């Protein structure tokens, strides 16, 4: 496959034409009486018309046939997608999942949509407030099928296997250690090349943004130039009665048939697009004096709530970096948090837990549920002689953090068959080191 080209920049006002049809963008207006090449003009709105310019999201698509050219939608029963946060009783315990099992292609072919499983979530889709965390487990490409989400934005984190994603805006190749965001309403189809697994953070009613940098300054963390947007590409392909458009609407899946490929956009312009980002480009900020900094310094993207400084969801990574803090317990500290913390692992291991937390698995530490380094990590980090050291080389852990109290689904607790019933035992060996007659502990040699 030829190397794909992209446009650079987060949230930019962009325009793109398929080079096979030069001049396909109208000049000086959005919807002329007759578009170049006799295309249809269609606007895709990601915000209310009256939002301030700084938050107004929309794109104009110039396509061979408009999206409305389909037969009626009908409800389908496919995958394990849900928005029912009350199907099992709440569980405040620390939860950890072993790597989620990918179905074997020799037993059953499963594509991205049929391999979607909702793990946990909170909020209300109908009021555009909340989120869901999904796991996708698939072994075959989507053939003459596409998907779009009426409920929210998908932040997709592939863990195993490359994703070739066809969108109405063009094509993206997304590999492990990259992420992509497919925003609300955008149609896409995914080709896979092997048994494939990954994580999805879905947010309702808001879009992902770059976090404010404050005293960090003008540069740092995820820089806007490193986000890549696909360039226009179209196919004029007839599929008589055989192309299926799948829609997630109010948490349910629906399907409609049409006679053509939906990827028939010859040109587009706007600021409402899909995009991808390579996590290796994250510019890490860290403590260079003492103490363990809060993990918010590792925020890649945030979906803000109406409360200043409080997110519906943050996407946070724990990338390779230097650890140099003096007189400091360097691993993550013990913590009880008003936020919910879901963690996943793309590759390698996580610094606070060397065993049990594996690539393709996950953990959930719910609101105010205590968590922190396991006993082995505490003993080693408390006694090691401190020197500058590399941390997390060859690894990439991440966190979906939310101000919402997340409910785990029946699939997450039971049907996945991946819940680690012994997770709590990693803290059982912790013991008291209290020395009431000696304030100053001995320094490590």
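First residue shown is number 1, and so on along the chain.
Quick reminder: no glycine exception, Cβ is built from N, Cα and C everywhere.
Among 341, 379, only 341 appears in Swiss-Prot as part of the Fe cation site alongside 335, 371. Long-range neighbours of residue 414 (N6-succinyllysine) (same chain, six or more residues apart, CB within less than 8 Å of its CB): 88. Under DSSP, residue 98 (N6-acetyllysine) is assigned to coil, being neither helix nor strand in the three-state scheme. Among the listed binding-site residues, namely 335, 371, the Cβ with the most fellow Cβ atoms inside 10 Å is that of 371.
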